[in-house]
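Novice: The following block contains the structure, expressed as structure tokens.
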Amino acid sequence: MRTHDDTWDIKTSVGTTAVMVAAARAAETDRPDALIRDPYAKLLVTNTGAGALWEAMLDPSMVAKVEAIDAEAAAMVEHMRSYQAVRTNFFDTYFNNAVIDGIRQFVILASGLDSRAYRLDWPTGTTVYEIDQPKVLAYKSTTLAEHGVTPTADRREVPIDLRQDWPPALRSAGFDPSARTAWLAEGLLMYLPATAQDGLFTEIGGLSAVGSRIAVETSPLHGDEWREQMQLRFRRVSDALGFEQAVDVQELIYHDENRAVVADWLNRHGWRATAQSAPDEMRRVGRWGDGVPMADDKDAFAEFVTAHRL
């Protein structure tokens, strides 16, 4: 269970979810029709020691193996892989558009194993700030450096928990609140309580010059019964495949029904925001699959919100 002051490294708790996401990016990169290319994802996954389960997600035959056990669970695995690719592509495009607009200051909140500071083609003079737990940041930078990988921008680490007083740490790293900024909150909100989500956006607003922008992945809502069913199904699949399920992701998420609707909150607090549902974006790029549970429940899926500071 989560606590208000829990911490982690790349092999424990919330840290392992970054490995899961990187595994999905690695699997996508190996596809002939890949939406995104992340040449460092597989390296970051295989060096974590986070467990055989996440490394198994790199196996191109994994969906077929799961399907032999549980067809609906296999549809979920395929959906999650495609979702991560679509999400990554959406936010890559967001960053690229910010660059075209002349923004040169970027902040990735809870950056995990995000490799954009290394794999995107940044213009000279671009600074990318990454905020996350100290051990998570250290694992990524050390692993990539040991393999001769260097950032393509001025990458600056801000090793602090976002539940703490992080703005002073960001400023100390060189952040300029008078400059336009492009913020990214991807794969973050579900790991924050509702009040912490509001507090995070309030802090971001106070640091954002006019013309700044933000992109956010929202936190979908799932009922207790659905979560319990998914936990049982994936535990059964893991057992059948011989994998130890060291971390139950559902136990890491805050399921707050009173969480603010992100686009609405931003529109009320000095931003002009729009939202794109994840299923609509997946259909737009040809990655929505049949057989996804709860396909008709819009609240069961995230939104991708983008906003400009007024």
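One-based numbering along the chain as shown.
Each residue, glycine too, has its Cβ placed from N, Cα and C.
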Novice: For the S-adenosyl-L-methionine site that Swiss-Prot assigns to ASP161, LEU162, which of the candidates ASP132, ASP176, ASP198 is also assigned?
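Specialist: Candidate listed by Swiss-Prot for the same site: ASP132.
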Novice: I'd like to know which of the binding-site residues ASP132, ASP161, LEU162 has the most other Cβ atoms within 10 Å of its Cβ.
Specialist: ASP132
Novice: Taking the centroid of the Cβ atoms of ASP132, ASP161, LEU162 (S-adenosyl-L-methionine site), which other same-chain residues have Cβ within 8 Å of it?
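Specialist: Those within range, site residues removed, are LEU109, ALA110, ILE131, GLN133, ILE160, ARG163, GLN164, TRP166.
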